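Novice: Before I ask anything, let me first share the structure, which is written out below as C-alpha cells.
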Amino acid sequence: MGNNVVVLGTQWGDEGKGKIVDLLTERAKYVVRYQGGHNAGHTLVINGEKTVLHLIPSGILRENVTSIIGNGVVLSPAALMKEMKELEDRGIPVRERLLLSEACPLILDYHVALDNAREKARGAKAIGTTGRGIGPAYEDKVARRGLRVGDLFDKETFAEKLKEVMEYHNFQLVNYYKVEAVDYQKVLDDTMAVADILTSMVVDVSDLLDQARQRGDFVMFEGAQGTLLDIDHGTYPYVTSSNTTAGGVATGSGLGPRYVDYVLGILKAYSTRVGAGPFPTELFDETGEFLCKQGNEYGATTGRRRRTGWLDTVAVRRAVQLNSLSGFCLTKLDVLDGLKEVKLCVAYRMPDGREVTTTPLAADDWKGVEPIYETMPGWSESTFGVKDRSGLPQAALNYIKRIEELTGVPIDIISTGPDRTETMILRDPFDA
C-alpha cells in the first residue's frame, strides 16, 4: 500500500496534474506542494464549476484534506491573499484547511521587478518566464539573503532585513537595468498587513509529515510545472528555478526520501510547451493548430498559447529515469479523436546523423535534433468522457499499449475529460 504518493508532470508542464490530484485526494489526509510558486496553474472542474489554483494545493476544495505549502515553495503573500479571498468568497474555509512552512521564501515586489527587467534586457534570448518573481526569489534563497515566512514573527527585525535586501536589489534595478526603484515603505506596509495571517498558519511541516507517516495517513505530494523544466535536469537554461522531479519532494517538504511509496507521472497524450526552449516534435502545421484548438492549449497562469506537437517518448523516458515512476496517468486522450493517424517520437536523429534514444541535457545540445516517428492509425470515435477501458476504440487502446511498451511504465489512470468523474482508475496509487 502506498501511503505517500507523488503526482508530478513528465513533460514541460500543463499535463493536467491539478485534476488528478483533486481526484486522488478523496482518500488523502494531506496534500503538499513542495516546489515552485504561483507560476503554476492547476485547473480543476467539479460539477461544471472551474477553479484555477496557482499557489494553494489542489486539495483545498476537499473538507477532509489539510493542504500544506512546503519549504520548497516560494510564496508571494499578495498572490496567496488573492487566491484565499477568491476561495473564501465561494464559502471555502481556507484558513482552516491550509498550513505553511516557516521556511518558505517570500516573493516580494522587487523580485517581480527584477524578473521583468531581466526578461526585457534579454530581448530575443528571453527565457519566457511568467514574470512573477519566482527565479529572483530562489536566487535570494540560495544567496542566503532571502526573507522567509518565519521572519514575519519578529516584525522589527523583518523591517531591518527588508531594508538591507532592498538596497541591494534597488541598486541593481536603477544602475544596471535603468528602471525605477521599488518603494521600500510600500513593500513593508503591504507585507505587515498580512503578516499575522501568514504566521497563524505556520507549522513544522517535516514533523507533521513524519507523524502522519507513523499513523499511516495517506499523503499526496503535488508537483508543479514538469520534469523537463527541472533546474538541474531540464533543458537548461530554458527551465524553471526549482527541482520539479521527485527528488524535490524530500528537500521541498522535509519528508525522508525513503518514505515515498509511489510516483505517478502525469502524461499528456501529445506534447505542449510554453515559452522558449527545445521542442523536437513541435508542429507548425494544421495538426499543431488542431491540437491547440481541441486541447484548449492556453496557459492557466499567463494565457499564452502553448506550442503543440506529437508525444515524445524519448523525453518521457528521461522523466521515467529521473523520477523512478511507478505508473502514468494519461490525460487528454480525447484531443486526438478524429485524427486519421497519430505519431510517437521513438528516437532522435542528431545533426551528425546518429540515432539516439536518450535526450541531450543542455538546450544548446538539442539544436538540429530531428524526431524519428512511429506512425499509428488514429480513431474517429469519441473517447471524451469514457469511463471504462472497454469503451475505448481499439486504435486508442493500441496507442496506449505502445506508450507503455516504449516507456516501460504502466498507464494506471486514463483521463478522458476535465471533470473528476471523467476518469478511469485502473490501479489506485494508494493501493499499489
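Heads up, the Cβ atoms here are built off N, Cα and C, so glycines get one too.
On a predicted model such as this, the values are computed, not experimentally measured, just so you know.
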Novice: According to Swiss-Prot, ASP14, GLU15, GLY16, LYS17, ASN39, ALA40, GLY41, HIS42, THR130, ARG144, GLN225, ARG304 bind IMP; which one of THR157, THR240, THR287 is listed for that same site?
Specialist: THR240
Novice: Give the three-state DSSP assignment (helix, strand or coil) for LYS19 (GTP binding site).
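Specialist: DSSP assigns LYS19 (GTP binding site) to helix.
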Novice: Around the Cβ of GLY41 (IMP binding site), how many other Cβ atoms lie within 10 Å? Please give the count over every shown protein chain.
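Specialist: Excluding its own Cβ, GLY41 (IMP binding site) sees 20 Cβ atoms within 10 Å.
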Novice: Mind computing the max CA-CA distance among ASP14, GLU15, GLY16, LYS17, ASN39, ALA40, GLY41, HIS42, THR130, ARG144, GLN225, THR240, ARG304, which the record assigns to IMP binding, rounded to whole Å?
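Specialist: Per the listed residues, the maximum Cα distance equals 34 Å.
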Novice: Does DSSP put THR302 (substrate binding site) in a helix, in a strand, or in coil?
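Specialist: In three-state terms, THR302 (substrate binding site) counts as coil.
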